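This report refers to the structure that appears directly beneath it.
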Amino acid sequence: MKGHCSFLAVFALLALASILVTSAYDPSPLQDTCVAINDPKTGIFVNGKFCKDPKFVTADDFFYSGLNIPRDTSNPVGSVVTPVNVEQIPGLNTMGISLVRIDYAPYGGLNAPHTHPRATEILVVLEGTLYVGFVTSNPDNRLISKVLYPGDVFVFPIGLIHFQQNVGKTNAVAFAGLSSQNPGVITIANAVFGSNPPINPDVLTRAFQLDNNVVKYLQSRFGWKNN
């Protein structure tokens, strides 16, 4: 009996400590920036979205239809990402979760190297064969990769660069869950070579050890989106 009481006491203490630690941290950001303002009359943008009055909530606030429809992958990388986040389902606000469907063209359709600054991703393959991977942070920059088949699942840790490529001869389809209502996406090539306004070519020439003319050519090629 004494041991049982001790266990309960320790459990209660850990639970209280967990609550205190959790409350000591700021909430995770739900957009890229949230600049403080002194005068709310100039505009208000909360970390997330304002909430609808619960009296007016309907089933449609939690509903989306159409993820069964194949997407057109005829773009430069041969893939299309269809997001289902708080922009598509308002009821996801504050829920910390979202979903995407990814369609890949045969013979190399690519969801190009990218990161999600606010979410871990768990991906399941429905159709086709995908080569997937992520790269760990500096200084190791280790590639963790695997070939996936229908029914296989793979996890991409938050913030790390990752990719998927169709290595099969037929269309491929995957679904992925993300641990944010607004995970964000930074496609590496688009961000570096397609930024607006463009990054000074001298910066990229030195960073990538490329000829200045090559950098300017690459900057002319990027800026499209597959989602």
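Here the Cβ of each residue, glycine as well, is placed from N, Cα and C on the backbone.
According to TrEMBL:
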- 1-24: signal peptide (SIGNAL)
- CYS34-CYS51: disulfide bond (DISULFID)
- 65-216: domain 'Cupin type-1' (DOMAIN)
- ASN111, HIS116, GLU121: oxalate binding site (BINDING)
- HIS114, HIS116, GLU121, HIS162: Mn(2+) binding site (BINDING)
Surrounding the recorded oxalate site, with Cβ no more than 8 Å from the Cβ centroid of ASN111, HIS116, GLU121 and those residues left out, we find VAL100, HIS114, THR115, ALA119, LEU123, PHE156, HIS162, ALA176, LEU178, PRO183, VAL185
Rounded to a whole number of Å, the separation of the Cα atoms of HIS116 (oxalate binding site) and CYS51 (disulfide bond) comes to 25
Close in space but at least six residues away in sequence, with Cβ under 8 Å from that of HIS114 (Mn(2+) binding site), the same-chain residues are ILE161, HIS162, PHE163, VAL185, ILE186, THR187, ILE188
On the domain 'Cupin type-1' (65-216), the mean of the pLDDT values is 96
Apart from the site residues HIS114, HIS116, GLU121, HIS162, the 8 Å Cβ neighbourhood of the Mn(2+) centroid comprises THR115, ALA119, PHE134, PHE156, LEU160, ILE161, PRO183, VAL185
If you measure between the CA atoms of CYS51 (disulfide bond) and GLU121 (oxalate binding site) and round to the nearest Å, you get 26
In chain order, residues whose C-beta lies under 8 angstroms from the C-beta of GLU121 (oxalate binding site), counting only those at least six residues away in the same chain, are VAL155, PHE156, HIS162, ALA176, GLY177, LEU178, SER179, PRO183
